[in-house]
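*Asks:* As annotated in TrEMBL:
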ACT_SITE  211  active site, proton donor/acceptor
SITE      213  site 'Transition state stabilizer'
SITE      306  site 'Important for catalytic activity'
SITE      333  site 'Interaction with DNA substrate'
REGION    391-432  region 'Disordered'
REGION    456-510  region 'Disordered'
COMPBIAS  456-466  compositional bias 'Basic and acidic residues'
COMPBIAS  476-485  compositional bias 'Low complexity'
COMPBIAS  498-508  compositional bias 'Polar residues'
DOMAIN    534-583  domain 'GRF-type'
C-alpha cells in the first residue's frame, strides 16, 4: 500500500515512512554497514558472530591489515556470506578492505581497485572514467595498497529492476611528516571521484562508503577552532566539490527537506549526498573515530570521518534512514549504517573475485608453476670477492677447507689412502679406536682441581698423537671420565673429594662485590621520578615519552591522567604538563 504523506524520516510501528512521501508497508529493505575494524583479528568472538551482530545485507570493512598469505579459511569463507578482499601489495599487516555480502545480496560483478589494472577476470564492474590526468605509475601506486573494492548488485525499486554499485574505500591519511602522502591522498580522492561519476553516468546508482579520513564540516570535528584554516584543508575542499550541499539551518533541531531544493544526478554541483547529514543535518557530537592513545572515546572527543555517500536520486527515492553506532566497540572507529526501501535481487553465482574461488580454499591441487618465482640471474650468483694472495683471509679459507692440514700432514695422507680404498657410492661403518662413556651434563659444572687440570693437559697431549680419524670422532675430552680415572691415585682422590671447600671460600667476597655493584647501578639507574599531581584534579600524572622526530625525541614528560576532551569539559584532561628533570 502506497500513499503520499508529509516529509519525515521517522519509523512508526515498524513501518518505514520514506522521505519522498511514501509509506512503506510490507516492502523489503536493504541495509548496508561500514566499519573501520582496525585489523580483522578484532573479531575475537568469531567473524560470523560479528557480522550477524551488525545485521547488514552488505557489510564493508576497512583496514583489515591482512594480506593474502595470512588470510585463513575461517575469515575468508563465512557461512551465509560471500566475501571479497583487496590486499596491500607493498606492506604486510597494512591497509586492506573487504566486503561481506549475505547470500540474498550476492553481487553480479566485483573487482578490486579503482583503476582496472588489478582486474584480470570476467565479472568485472567496468566504467573506469578518464585517466588522462594520471600517469601509469600513479595508477599502479594508487591501487597498490588495497584501498578500494567494488561490488555491483541488482535491486528492485518500485517494481523496476535497477543496478547499484557499492564502492568500499579506505582513503589514505595525510601524514604531516611525509609531504608526498598528502599528494597521494588528493590523487586518490580524484581517482575515486572519476570512477564514481563514470559509473553514475553509465546508468548505475552509486554508493561510496568507508573511512574517508577527512572530517567535512566544523560540526563533524570535536574542536575545529583548534585547527588553523579549517575550511582551507584540501581534503575538505574536495568534499565540498564531491558532495551536494543541502541548505541547512544552524539551529540544533533537525529540519525537514524541501523537495524542490534537491539536486539531480546531472546538476553541475556535487552529485553525491552525505546520507547521515541528510537525515541529521544539525546533530552535534556525532563522531565515528577517537584516539585510543588519549582515551578520547570516554569523553567523545573525536571526529566523523566514516561516511555513506550515495547519488542524490537514490537518496531521495530509496534511503529511509542512516545513523552511526558509537555503542559498538572493538576498534578506534564505530560502524555506520544506512537503510534503503528497495529489495535485493541476488545473483545465481558469485563473481570470480569471491574468496571461495581462491585456490587455497577450493581444495583443488595447485600447479607447481604457481609456487615458482622468476629470479634475476644477477642475484643468483654471488659476487666473487677478490682475495689478496698470502693474506690472513686466504689462510683462514684454507684452514676452513681442511682444518687438519696445518697440524698433521701424515694423518691427512693416511686418511686419503683409507678413503680411496672405499668404493664410491658406498658408506662404511666407522670403528671407534677409543670409545669413552658419555659423561653426565652436571659434571661439566663441577669445579676442577689442580690435578685434574694437569691430567687434562696430559690427555690432550696424548690425543695429539692420534690419527686424523680419531680427532674427528673424539675432538673433546669428557670431564667426567677424567675425574673417574683420577680416583685411582690416592693423592688425587684426596684433592677431588673436597669440591665444596673450593666453592664456599670466596662467597663472602662475592657478596660484597655484588652489593657494591647494586649500589653503583642504583646510583646510575635510579628509575623514574615520582609522579607529581596535576593542579586541577589533584591526581597523580602519567609519564609519557616523545616519539616524534625532533629535538625533544626521547624526552619524558608528565601529563594529567584523565582522557583527552574539550577544554570546557571538567572531567577531561587538564592542561598540566611538566618535563622530567634528568638531573634528579
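Cβ coordinates come from backbone N, Cα and C, glycine included.
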*Asks:* Which has the fewest other Cβ atoms within 10 Å: 211, 306, the recorded positions listed?
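*Replies:* The recorded positions 211, 306 were compared, and 306 has the fewest Cβ atoms within 10 Å.
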*Asks:* How many whole Å apart are the CA atoms of residue 306 (site 'Important for catalytic activity') and residue 211 (active site, proton donor/acceptor)?
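*Replies:* Answer for this pair: 5 Å between alpha carbons.
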*Asks:* Whole-number Å only: compute the distance from the Cα of residue 213 (site 'Transition state stabilizer') to the Cα of residue 333 (site 'Interaction with DNA substrate').
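*Replies:* Their Cα atoms are separated by 11 Å.
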*Asks:* Roughly how many Å separate the Cα of residue 333 (site 'Interaction with DNA substrate') from that of residue 211 (active site, proton donor/acceptor), to the nearest whole number?
*Replies:* 9
*Asks:* Per DSSP, how many helix, strand and coil residues does the domain 'GRF-type' (534-583) have?
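*Replies:* Within the domain 'GRF-type' (534-583) the tally stands at 0 helix, 12 strand, 38 coil.
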*Asks:* Over the domain 'GRF-type' (534-583), what is the model's mean pLDDT?
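*Replies:* Per the prediction, mean pLDDT sits at 84 for the domain 'GRF-type' (534-583).
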*Asks:* At a 10 A cut-off on CB-CB distances, which of the recorded sites 213, 333 has the highest count?
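*Replies:* When each Cβ's neighbours within 10 Å are tallied, 333 leads.
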